[in-house]
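Feature annotations, courtesy of Swiss-Prot:
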- 4-24: transmembrane segment (TRANSMEM)
- 376-396: transmembrane segment (TRANSMEM)
- 403-423: transmembrane segment (TRANSMEM)
- 430-450: transmembrane segment (TRANSMEM)
- 475-495: transmembrane segment (TRANSMEM)
- 502-522: transmembrane segment (TRANSMEM)
Amino acid sequence: MRKGIYLRIALIAFTVILAIIFFLPNTPLFSYMPGWWKKNLPHKGIVLGLDLRGGSHLIFEVDLKRAREITVERIGMHLQSLLEKKGLKPSVKVQGEKIFIQPVNEDVKKIIKENYADLSISEHGGNIICELPETAFKRVETTSVEQAIEVIRNRIDQLGVAEPAIHKQGENEIVVQLPGVKDPKKALEIIGKTAQLEFKLLDEETTLWKQLPSLIKAGEEDTFLNQWKSKLPESDEIVFQKIVNKETGEVYKRPYIVKKDVLLTGDLLAEAHVSIDQRFNEPYVSLRFNDAGAKIFEDITGKYVKRRLAIILDGNLYSAPVIQEKIEGGNAQISGSFTLEEAKDLAIVLRAGALPAPVKLIQNVTVGPTLGKDSIEAGKMAVIIASIFVSLFMIIYYRLSGVIADFALILNIILLIGALAALNATLTLPGIAGIALAVGMAVDSNVLMFERIREELRLGKTPKAAIETGYKKAFWTIFDSHVTTLITAAVLFHFGSGPIKGFAVTLSLGVAINLFTALIGTKTVFDFIYIGKERKSLSI
């Protein structure tokens, strides 16, 4: 009997020491610890959530429909190039998720089957129609979200944000948490920019240039496009270049007619960095393509000498220089009315790679560091006040047994904080609410046991026998209530978002630790007091 009690005391002491070791990195004392301690023992501790230390919580939605269309467009481009190399010059057009090839040719069908086994081929109205099966599109959707996560992660890494959290949510949503970010607006612009870099030829042969206005006001692009849609050849489209009046600051858009066919994309970029034009002292973005991109760029510039090549990023034309000669080495540049910061941001998104499809911001919650600090203080105060009032009530109502319950309460808080630190859990404001709830539940368990003990004492049992019977009878009631709470917490964790998950984690840990402190902690104290002694009364 005595040996069993001492073993339980040793177990409690061990768990307390372990909890303190794990929580130590979150205290000022950690800075005084020797080097060997920091190297060999836990050094991370509890991570504060965005609502406590400030930062941005962003949710992006990947445009999966556009991802499907982009995939088909790329296949169409590749087929066009492939067929031309084979000496065939069919018309290849992409409409939505279908590729139309004219004329119908058995050699063309054979080349398609050899290179794209997934494509289903049919004939209709003098066209070869190519389509991807739904299974292939599902792979495209999954891959697009995964690639978008990687691209966003690369961009955030270049921003230098410490401990960002990025993960998939649902089918096509990406959750991005940026703790302590100083410029949320800039971060949002860099993360959300699609960075689809495209090189297209200007259509210099069309007579529509004479009717085209030199400038339109910014914001009138949609109206302008609707007016011109019916006038354009099927193979052309209009893109705009941003023009800023340096004197007034007014923004205008200059329309250009370009070919829809994409000659080269930013997928083949190897490097992008900011350079300064020595003649005009203006920044520009210098590009270098990889070997495959350099070869394509060389072919383009060799084939279209004296033609204007439009450099388009996310649908906006940046420049349209005249190709003077074949360019070898795969070097190009994007110039425009950049500030140095704008050029740097553009280089970042190009270096990190293009998003596989456009992303749309559907939620943006930004918490300032001051508000986060206030939340921590308010949360601390709530837990402290709750603990004090609960402790006083227990002492007044249950006397010495109330003191034992308060010991269990302190033990519960120490072990809970230690467990959170051991898991490197992210503590949010709802998480603090979970701690406060765990405090209430810890006391609730003791109340159940103490009332059972009182009932046994009224039946005439000795204090020692009343304690034993009271604990046995209360055990299953306490156990059942805690298991049902754990089930609820598990559901919250599975279906909830970040803050709700934080609440679920602290609640789950609190429930598990509460079982330990209530059924082992307080029982050990009672056994220690009454070991080898038969007291006639019990302060309860």
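Keep in mind that glycine also has a Cβ here, set from the backbone N, Cα and C atoms.
Since the structure is predicted, the reported quantities are computational estimates derived from the model, not experimental observations.
By the Cβ criterion (under 8 Å, sequence separation of 6 or more), the transmembrane segment (376-396) is not in contact with the transmembrane segment (502-522), since fewer than 3 such pairs are found. Between the transmembrane segment (430-450) and the transmembrane segment (4-24) there are fewer than 3 Cβ pairs closer than 8 Å, counting only residues 6 or more apart in sequence, so the two stretches are not in contact.
The highest tally of CB pairs under 8 A with the transmembrane segment (475-495), across 4-24, 403-423, 502-522, is held by 502-522.
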